[in-house]
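Colleague: So that we are looking at the same thing, I have put the structure below in structure tokens.
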Amino acid sequence: MGQPGNRSVFLLAPNGSHAPDQDGTQERNDAWVVGMGIVMSLIVLAIVFGNVLVITAIARFERLQTVTNYFITSLACADLVMGLAVVPFGASHILMKMWTFGNFWCEFWTSIDVLCVTASIETLCVIAVDRYFAITSPFKYQSLLTKNKARVVILMVWIVSGLTSFLPIQMHWYRATHQEAINCYAKETCCDFFTNQAYAIASSIVSFYLPLVVMVFVYSRVFQVAQRQLQKIDKSEGRFHAQNLSQVEQDGRSGHGHRRASKFCLKEHKALKTLGIIMGTFTLCWLPFFIVNIVHVIQDNLIPKEVYILLNWVGYVNSAFNPLIYCRSPDFRIAFQELLCLRRSSLKAYGNGYSNNSNSRTDYAGEHSGGPLGQEKDSEVLCEDPPGTENLANRQGTVPNDSIDSQGQNGSTNDSLL
């Protein structure tokens, strides 16, 4: 977000930065600018590199092109725009102690900032709803939320985010009326974000607090359902091991199906944990800023500007965290290694999206229609329908199977955040 407009102090600047005629002070100021410039450049590099890697991996490997990962792509796009169009200009504003890009770009830059944060949390909210349906209505899920429907949802998220961010700022509904704010609006080198109280509170509620409440509520429900499913798995495992060995030998496929069902559900729960970490990290990074944002307009001089800007940058840094969190997923981890040439590439055999061996074993070897979850008639099915319900021999362009197999990740689900 833009800088608050109460004072002209800059983030962590040395005390004597306004006395450049003193040699010692000038040297300290130069050292501060260089040091902060390096740190901010590394932040920008991490945001851009990490999210380009995520988007490229999902675009290149069809194995990663699941409905949930479509939403992850949207989240990565928001983070990438943050790294390209927001953070560098924010860094320039701090390091140069003035705005050098004019009034139009000041408001446009601020609008993009609000857009990225709003799109991110609304996407996380959609992911929470997506996981809720995936784990509570597994057999309806694939028809309920197809890839085409996911694209429409993503488009709607960005349209709503764009309207709530650009419209109030470009129409000047956000502007305060006191003299200091009016002077700043008229000055080409001032980009302090003076806002009226109504806009600050309303935008914080619409762009952050409301989606946050929905996200927390839905995800808490998801974890409750997941916990019940884990308990069912434990009980079912106990019954399975208590069966007569001769009965298991008579129907070995049943035992294999049961183990696959349990493994599938456990992987689904690991995916939930990964998404929970993403949502939790976003909340921890941005919640302090939005609390201060409300307090600042209610009590103007209560929060030092340095604290406001520092918390704003903590939120910016969140855009670099998500690619690291995705590394919890073996599929993402292997895809990243392939793209970075950190492991032997098998992409040549899959260059056209197909294996050159139509009989080659996939990660879902042995999976057939009529998924194993259907065999557990005495327990409620709460996990997503396993990939055995599709003709998986015809899946195209996956992350190379020999790469997956070499890591011992056979039997992974069709949700790549595992």
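Just so it is clear, glycine is given a Cβ too, placed from its N, Cα and C backbone atoms.
Since the structure is predicted, the reported quantities are computational estimates derived from the model, not experimental observations.
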Colleague: Let me make sure I read this right: Swiss-Prot says Cys191 forms a disulphide bond with another cysteine. Which one, out of Cys77, Cys106, Cys116, Cys285?
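Modeller: Of the candidates Cys77, Cys106, Cys116, Cys285, the one Swiss-Prot pairs with Cys191 is Cys106.
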Colleague: Would you say whether Swiss-Prot puts Phe104 on the same side of the membrane as Glu338?
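Modeller: Opposite sides, per Swiss-Prot.
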Colleague: According to Swiss-Prot, which residue among Asn15, Asn244 is annotated as N-linked glycosylation site?
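Modeller: Of Asn15, Asn244, Swiss-Prot lists Asn15 as: N-linked glycosylation site.
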Colleague: Could you let me know which of Asn6, Asn414 shows up in Swiss-Prot as N-linked glycosylation site?
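Modeller: The residue tagged N-linked glycosylation site by Swiss-Prot is Asn6.
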Colleague: Measuring Cα to Cα, how many Å separate Cys341 (S-palmitoyl cysteine) from Cys191 (disulfide bond)?
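Modeller: On Cα coordinates alone, these residues lie 43 Å apart.
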Colleague: If we count other C-beta atoms within 10 Å, could you say which of the recorded positions Cys106, Cys184, Cys190, Cys191, Cys341 has the fewest?
Modeller: Cys341
Colleague: Compute the C-alpha separation of Cys191 (disulfide bond) from Cys184 (disulfide bond), stating it in Å without decimals.
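Modeller: With the alpha carbons as reference points, the distance is 7 Å.
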Colleague: On the three-state reduction of DSSP, what should I expect for Cys191 (disulfide bond)?
Modeller: coil
